[in-house]
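As structure tokens, the structure follows; a few thoughts come after it.
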Amino acid sequence: MATSQDHKRVGDKDTGPNTGGMGAYSPAPVVTDDVHQRTMERIIWPTVKGMAAEGNTYTGFLYAGLMIDKQGNPKVIEFNCRFGDPETQPIMLRMKSDLVELCLAACESKLDEKTSEWDERASLGVVMAAVDIRVITAPVT
């Protein structure tokens, strides 16, 4: 899949408490070819191989939430067996391939026979959210 980067803070200019994500864009410029290679070699492949070594072969989406340091070293924040939200929305806007076809190929262990095609243009998603009642100091009437 393509890369995406979300923005967690509720406020403008990256201020306020963290949220599930207030928006995202794809591709993520921080994920250079070198960072991608490091991530695959240090995190993704060892994780998948480790699951298989324990008798748990995995087919599906493995979302790695990462922090990338200034040297381009990825650090795992979380793993999910689903698409990230809101990261997925801009990714899907760029996908030219048929997602269902790719999913079926994965289920049939034939994903290596498929290629995914992507629009080279960047995409952006913004979350529209109500004001969080927990941050309001005055009583709601």
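The backbone N, Cα and C atoms fix where each Cβ goes, glycine too.
Unlike curated records, TrEMBL annotations are generated automatically.
Going by TrEMBL, these are the annotated features:
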- 1-15: compositional bias 'Basic and acidic residues' (COMPBIAS)
- 55-108: domain 'ATP-grasp' (DOMAIN)
- 1-30: region 'Disordered' (REGION)
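The compositional bias 'Basic and acidic residues' (1-15): residue composition by secondary structure is 0 helix, 8 strand, 7 coil, according to DSSP. Model confidence over the domain 'ATP-grasp' (55-108) is summarised by a mean pLDDT of 95.
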